[in-house]
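Report on the structure given below.
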Amino acid sequence: MAHGDMSFFSRPSSSAVKITAPTSDEPDSPKPSKKDSTQRQCRNILIYGSCKFQDKGCIYYHPPRDEPLSAPDSPTPAAALPAQAVNAPVFIPKGHPGSPSLSEAVPASIQQKTSVSSDSSSEPPSSIASEQEPEHEAQTDPEQYDPYNPYAYADHNGHPSEDPHMSSANPYEMPPEHMLGYDGAAIDAYYSASLTYTRQPLNYHLYTLPRPEALAHKYFVSDDIREELQKRSETIHTTAPPGLGLPEEMQGYHTLVPLEPIGADRRKFGNWYSMVYRATSSTDGSTYILRRVENFRLMNQSAFGAIETWSRLRHPNIVSVHEAFTTRAFNDNSLVVVYDDHPNAQTLYEAHIKPKAPQFQNGRLQAQSNRISERTIWSYVIQIANAIKAVHDAGLAVRLIDPTKILITGKNRVRIGSCGIVDVLLHDLHSDISFMQQDDLTMFGALVFMLCCSNLAAMNNLQKAIDHLGRYYSADLKSVALFLISKGGPHKNIGQLFDMIGSRLLTELDEAQNGVDRLENELMSELENGRLVRLLCKFGFINERPEHNHETRWSETGDRYIVKLFRDYVFHQVDELGRPVVNLTHVLTCLNKLDAGTDERIMLVSRDEQSCLVVSYREVKACIESAFSELSRG
């Protein structure tokens, strides 16, 4: 690439250092005097003590056996030049055949330090020298560029060096304190790292070091939470199998999916058959749960007044009610009540009471115990009691506290479901609200016995259930259960239950706050992803754009070219064997340093390996902002 064509690599105010390969368009560097080539001491003499090509055409100087070795560049009188050495080519060390290509070597070019002084030539590694021996008779043209030739580098100002034996700005011989900020071991472990670099203090939000595997959760949501959320998302997008005869649309809801078995195993809700569906709202696109009661004829529109009251009640331990309506979409008179959707939720019956399949343990098939720990029981009691208190304070009654209607929506997180539907079904049976609230406490006490005994029929033999509870659980829990099933009266209310629970409320509050802290920490681990996505979007807008303002090479010129090279540096690196480097840590490190605009410098290499740019992250960020602003302006 001609020197004149490289003017677009850096902005006028940029401090980027341009490194270009010499080409035929540039003035040739002064070549070493050919008359001295024969008088240079053969390097095989310095390395091995002898040269096997001394009598086979080697053009370099071989001192007699009794003559002490001299410096490789120390000339002898010009009169000793043989005639055949006048046109001999200059000795240029050849690279190792197995050496990596320039594109692989450039990022690590400052890792290797080759000592080149004014009075002695640098000594090549033994592996390179061993390859040079058979090539003395077939030297290449000295005008051909060789990236491994220590004498082919220009000086610091871009002008060819006058002395072929010296290079005033050879980066391989610069002291470490003048080198760029590279960590050789971190860039490419293939090359030996003889230089050290002290890391500067970094901003709080940068991923600067390769993260240990033990700290994987510090960068992304933990696998357990991610898996749970993915399962919920998959459940939400599940569709019903064909042939079920479900309505395509119903009162603004579509894509109905049955959540309970259809056919002979239908479940009953009181005296009516009931079915639960998941459906998507046409209004907001969210999914909701539709509980359908079959063959229900609404006699009075005022029955929906209770649903309106329930829809205003929002509580963390109650499945929220949204609306209710009647429909003939199922070819009958059906009542449908709409609730919030909690994907993959389980009922208390399914989680703790339903018999579990036996499993092999110690080589034998053994039944699984359904016993719940007392700590979990207390958590359920406190949460359900909290929900009942909110309902009673709103002047309502739950009227349905059953293990098959209470959902576990998270770890030990319970919500009372199917609220409000009994108020519609039994609207014609006028009952005193205080009596219904007393009935709520009785049903709550029965639920405690069912959970402690893992049996839906625990209340059929109350004395046995009390003995079981006293044997496996504390006296405090037993007292709470007995209080709930005791005879109703003015003294029996949900507030007195909280007086009995006492300090366990504080324990539950501590656990709730700890849970919030854990979720916030998980959210913090994903906080930086938004910034990285914005950066990647800018890359996508700028890189490889075919045309802008009728300029077909817009993305290949000016600041955009630096952005393209930086994209290659981040995503298109290869190792010493040419294999792609797929390293997420490297990508995160580079993108976060770019977003912060640090002063650390990096070397960007063109795809044709004919030019290099040394720029800082701050300059690359300025190039991206400039190019993106130009696109934004149209």
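Note: Cβ is positioned from N, Cα and C throughout, glycine not excepted.
The stretch that TrEMBL tags with coiled coil, taken from the ranges 74-112, 191-229, 347-385, 503-541, is 503-541. TrEMBL assigns the feature zinc finger to residues 36-65, out of the candidate ranges 36-65, 546-575. Taking DSSP states H, G and I as helix and E and B as strand, the region 'Knob domain' (542-634) has 47 helix, 15 strand, 31 coil. Within the model, the domain 'C3H1-type' (36-65) carries an average pLDDT of 76. Listed binding-site residues: ARG291, LYS405. The one with the lowest count of other Cβ atoms within 10 Å of its Cβ is LYS405. Residues ARG291, THR404, LYS405 make up the record's ATP site, and a Cβ search at 8 Å around their centroid adds PHE269, SER274, VAL276, THR347, LEU400, ASP402, GLY417, SER418 from the same chain.
The Cβ of THR404 (ATP binding site) has 17 neighbouring Cβ atoms from other residues within 10 Å, across all protein chains displayed. Residues in the domain 'C3H1-type' (36-65) partition by DSSP class (helix H, G, I; strand E, B; coil) as 10 helix, 2 strand, 18 coil.
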